[in-house]
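Single-structure report; data block below.
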Amino acid sequence: MFDCEPVSLLITIPGQVPEPIAADFPWLSLSILFPIAGSLLVPFIPDEGEGKQVRWYALFIALTTFLITVGAYLKGFEPAEEGLQLSERVPWLPDLGLTWAVGADGLSMPLILLTSFITALAVLAAWPVSFKPKLFFFLILAMDGGQIAVFAVQDMLLFFLAWELELLPVYLLLAIWGGKKRQYAATKFIIYTAGSSLFILLAGLAMGFFGGGAPNFEFTHLANQQFGTGFQLLCYGGLLIAFGVKLPIVPLHTWLPDAHGEATAPVHMLLAGILLKMGGYALLRFNAQLLPAAHAQFAPLLIVLGVVNIIYAALTSFAQRNLKRKIAYSSISHMGFVLIGIGSFSTLGTSGAMLQMISHGLIGASLFFLVGATYDRTHTLQLNEMGGVGQKMRIMFALWTVCSLASLALPGMSGFVSELMVFAGLVTDEVYTLPFRIVIAGLAAIGVILTPIYLLSMLREIFFGQENVDLLAKRELVDAEPREIYIIGSLLVPIIGIGLYPRIMTETYTASIDGLVARDKLSIERVINTSSSEFSNQNISISNGQAPNLNIYSSSK
């Protein structure tokens, strides 16, 4: 069915991934299993009807999980190492080739820390939840372990299981605690995400059984396989669909505005802060690292899709009158920079994509938390019904302003650094021809210009628009409380810290990004050299395992 032999256009190269460094202590297994085990004990927590005990218990579990991940980083992770660290490998079902294999490198460690950090704050954001609190916090904690597993596991089948594990909690959190259209939003979410994840299973099985013999699904094994180019292209296309739904990539994005439109504040934080990053991480881990030959062909498409994300979502956000949907489309727009960075074949651009995921995780979580806090007071999401609330909520206005400035990439904040790195990486690296780079940079800049327009106009409408007399008369229209200030403050510390001193984060993953881009550039050089010398006047069929001639690549590379 697949071409399993290297073809004449051989751009399939061994991954040359360094050998994993074994863990002295099972940090990552503990960070995965501890919140899952903690969630299983939630039903046994004494409950007086208001869920006070279970709230404190969930916060304890989430904070402890965060401390475990911090311990893993401080005690067992060396940023200067390119390869896998904190590696644990235990045979699970050897006859099926399934191994409990976990580890972390520069691609995964920052996202593991982000996951545990955002989840702890989401538990604090869920403090007012009074409807079925035990079930709510059970799902939050189970989701915590599942999402950490997505970034930590190093086995394709384990990755698929972890990917599926976090779907059910999100579905239930939407379907039970969502808004009026919660059933529709939850069903749409599960259809999109569960349906597309079938491609992960198919690609994983195909790669694990490649070449005959005993199946092996571990990433280190797959990275050193010489997959045929046609095989890589088929796997890459399927995985791009699966991960494109999560990122999300336009036009696979329509589930996200509906999900955000019905979710509660803590679920917003998990969706924007963590869930979308799973798609970007998986594109780097699988598409770019395990399938370099196909990545050389698909990278220009990723860049074009990134530009479409940026412009389309920014324009759509500008037209939205619903506050949640406006911020949801803003998230889609910002994730377009991740696609451009991944497709740039530039160390600086790819590093910018990684930083953009971290930055957006923090900024997106802060904005959506503020959306939830504002809705709790106004009981409306329509911008034309919120006018003048700045008179009674001055601290809330200040928090909104700072977080919005972070989202529009104000210098001194993390979003500015990440977007600047993506632009600089694309423009300065000569992998692509100069006209292509200029056109892409110019189009992406349109989105950068639109962002402050729709965000600042949003602030004006909420806080200084035409006064809604009935709304202003409500006594529950109170200013930000200490818990809310603490949550936003906790998110702003890394946002501003990274913006002022980016190396505190970029040094965590620079070595891994350098190795990844070096292997991908070797692949693209073979595309350029071979296509220019042998295939410049031919139409090459992908079905024959050969790559098409792409004249957007610079011949100097």
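Every residue, even glycine, has its Cβ placed from backbone N, Cα and C.
For 57-77 (among others), the entry in Swiss-Prot reads transmembrane segment.
Marked as transmembrane segment by Swiss-Prot: 111-131 (among others).
The transmembrane segment annotation in Swiss-Prot covers 133-153 (among others) and rests on sequence analysis. Outside the transmembrane segment (133-153) by six or more residues, the chain places 28, 31-36, 38-39, 42-43, 45, 47, 50-51, 54-55, 57-58, 61-62, 65, 69, 101-104, 108, 111-112, 115-116, 119, 122-123, 126, 159, 162-163, 165-166, 169-170, 172-173, 176-177, 266, 270, 274-275, 278, 281-282 with a CB less than 8 A from a CB of the stretch.
According to Swiss-Prot, the feature transmembrane segment maps to 157-177 (among others), an assignment based on sequence analysis.
The transmembrane segment feature in Swiss-Prot is assigned to 189-209 (among others). With a threshold of 8 Å between CB atoms, the same-chain residues lying at least 6 positions outside the transmembrane segment (189-209) that come near it are 2, 97, 156-157, 159-160, 163-164, 167, 170-171, 174, 215-217, 222, 225, 227, 231, 234-235, 238-239, 241-242, 244-246, 252, 254-255, 258-259, 286, 290.
Swiss-Prot lists 230-250 (among others) with the feature transmembrane segment, giving sequence analysis as the kind of evidence.
Here Swiss-Prot flags 264-284 (among others) as transmembrane segment. Beyond the ends of the transmembrane segment (264-284), by six or more residues, the same chain brings 107-108, 111, 114-115, 118-119, 121-123, 125-126, 129, 140, 143, 147, 150-151, 163, 166, 170, 173-174, 177-178, 239-240, 242-249, 256, 302, 324, 331, 335, 338-339, 342, 350, 353-354, 357-358, 360-362, 364-365, 367-369, 371-373, 376, 516 to within a C-beta distance below 8 angstroms of the stretch.
Residues annotated as transmembrane segment in Swiss-Prot, with sequence analysis given as evidence: 298-318 (among others).
As annotated by Swiss-Prot, transmembrane segment applies to 327-347 (among others).
Annotation comment: Swiss-Prot describes 353-373 (among others) as transmembrane segment, evidence class sequence analysis.
The transmembrane segment annotation in Swiss-Prot covers 397-417 (among others) and rests on sequence analysis. With a cut-off of 8 Å between Cβ atoms, the residues of this chain six or more beyond the transmembrane segment (397-417) that come close are 330, 334, 352, 355-356, 358-360, 362-363, 366-367, 370, 374, 389-390, 448, 451-452, 455-456, 458-459, 462-463, 480, 484-485, 488, 491-492, 494-496, 498-500, 502, 505.
For the transmembrane segment (485-505), the list of distant contacts is 110, 121, 124-125, 355, 358-359, 362-363, 365-366, 369-370, 395, 399, 402-403, 406, 411-417: same-chain residues at least six beyond its ends, Cβ to Cβ under 8 Å. Positions annotated as transmembrane segment by Swiss-Prot: 485-505 (among others).
Taking residue pairs at least 6 apart in sequence, the transmembrane segment (353-373) and the transmembrane segment (111-131) share three or more C-beta contacts under 8 angstroms. Touching of the transmembrane segment (298-318) and the transmembrane segment (157-177) is ruled out by the presence of fewer than three CB pairs under 8 A, sequence neighbours closer than 6 excluded. Here the transmembrane segment (157-177) has Cβ contacts under 8 Å with residues 96-101, 129, 131-132, 135-136, 139-140, 142-143, 145-147, 149-150, 183, 185-187, 189-190, 193-194, 197, 200-201, 204, 208, 217, 259, 262-264, 267, 270-271, 275, 278 of the same chain, all six or more residues outside its ends. Under 8 Å from some Cβ of the transmembrane segment (57-77) lie the Cβ atoms of residues 23-25, 27-28, 30-31, 34-35, 38-39, 41-42, 45, 85-86, 104, 109, 112-113, 115-117, 119-120, 122-124, 126, 137, 140-141, 144-145, 148, all in the same chain and six or more residues away from its ends.
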